[in-house]
Amino acid sequence: MHYYCISFTHKNTDIATREKLSFSNEDKKRELLKLIHTNNKILESLVLSTCNRVEIFLFVGDVESINEHILKTLSLLCGVDRENLSTKADFYEDSGAIHHLFSVASSLDSLVIGETQIAGQLKDAYKFALQEQRCGVHLTRAVHYAFKCAANVRNQTEISKNPISVASVAVAKAKELVNLENKTAVVVGAGEMSELACKHLLNAKAKVLILNRDIQNAQKLCEDLGENASYESIANLKEALNQYEIFFSATNAPHAIITNDLLEEKDYSRYFFDIAVPRDIDVKANEKNIVYAVDDLEEVVRKNLTLREHQAQIAYSIVGTMTNEFFQHLSKLATLPLVKQLRLQADEIAKEQLQKAIDKGYLKHSNHEEARKLIRQVMNAFLHHPSVNLKKLSGTMQNDSVINAMRYVFDLKNENMEGLNLYKCEFNLENNHEI
């Protein structure tokens, strides 16, 4: 049994390919999970899809042919050449997969180190996989331990102090290019990323105009944001594009919604910040139309990374420690029941043989208790060293091999996973809602 991860991120995959691999649509994500499980070696799966990454976390019976199956599935579903995907993807197995999961949850692998959105996105991905019955006890334990790791990183470092996001980085870039004070910035969309962009724009003393298909959502967001926020229907997009100078877009549209044909020629510059994947903006960049997509914000991100580099080193140390702790935790979950089963089996055999001895007259019934105590002492003495050594093996590389051998030799069933409640895990999501 193995943990496994196939990863496409801003580090290894261009935005054009990430657009095609986007699974923000639940129906598309559901179809991907269904196709993933056509390989019977894949026991559990979870798909995390954001503007900067697509991560496929798996628990598999055997890693052989898993890469090929996943790459072919993605190629078929997303229309991307399989060889192209193969050269871009990063593959992680066992401790590498868990270390990567913990790093992602702790925002150490994000475009913006320390951003606070990723944990919520991982929660949503986990809940969806659970709802679709694709995520079982193994990934559940890993994800919940990832939340524990993220909480430790947050509490023991300052990496998320003055939390930032892709939206805040985009606004910071806008502030470098133009004085935002008293300017009206148009924000297309009313989701989480748009809300963050609005808040940062308002903090920069700009005014915001929200354009959205769902007027009620836009109205509610404006009420939360205050008097310097207004809203209109997205039907007014063309008019807004030719009236204002600064635009931020973060919708879940499957195709571009701001295109060249909507733009009239102007004698002033317009600034477009596309913080969506797939991209919302398909405008030809020139001296009058300045366009920034997610991957164009690297310069601001590098400044952020430099400021947080020391805290990131501390955070990676925590992730490494938590990765080791996780596998030790799993080893104990396997080892302790085995020790208990050994003792129970020995006790049952002792009881059975003692009763046979009494029934056949080899032992007087009046001596039953004394004989029982003697047998228990012999049994405890015999099992002492195996029990101690099994506990010592917990967390080591040999642990699984020895446990499997012991189960085979003594014909012990693996009852550790039976009756486990997926909703009652070691680290409950509800207790970590603030991550």
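From the backbone N, Cα and C atoms, a Cβ is placed for every residue, glycine too.
For C51 (active site, nucleophile), the same-chain residues that are 6 or more apart in sequence and have a Cβ closer than 8 Å to its Cβ are R18, V166, M193, I275, A276, V277, V294. As annotated by Swiss-Prot, active site, nucleophile applies to C51.
Marked as substrate binding site by Swiss-Prot on the basis of sequence analysis: T50, C51, N52, R53, S110, E115, T116, Q117, Q121. Long-range neighbours of N52 (substrate binding site) (same chain, six or more residues apart, CB within less than 8 Å of its CB): T9, H10, R18, S110, L111, V166, V277, V294.
Taken from Swiss-Prot, the feature NADP(+) binding site applies to G189, A190, G191, E192, M193, S194. Taking all protein chains in view, 28 other C-beta atoms sit within 10 angstroms of the C-beta of G189 (NADP(+) binding site).
In this structure, H100 (site 'Important for activity') is part of a helix by DSSP. Sequence-distant neighbours of H100 (site 'Important for activity') (same chain, 6+ residues apart, CB-CB distance under 8 A): C5, S7, E55, D90, Y92, D109. For H100, the entry in Swiss-Prot reads site 'Important for activity', with the evidence type sequence analysis.
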Spatial separation of G189 (NADP(+) binding site) from Q121 (substrate binding site) - C-alpha basis, Å: 18
Near-site residues: substrate, ref T50, C51, N52, R53, S110, E115, T116, Q117, Q121, CB cutoff 8 A to centroid: S107, L111, V112, I118, S165, V166
Beyond the site residues G189, A190, G191, E192, M193, S194: chain residues whose C-beta lies within 8 Å of the centroid, for NADP(+): V187, E195, L196, A197, A250, T251
Nearest of the binding-site residues (G189, A190, E192, S194) to T50 (substrate binding site) - Cα to Cα: E192
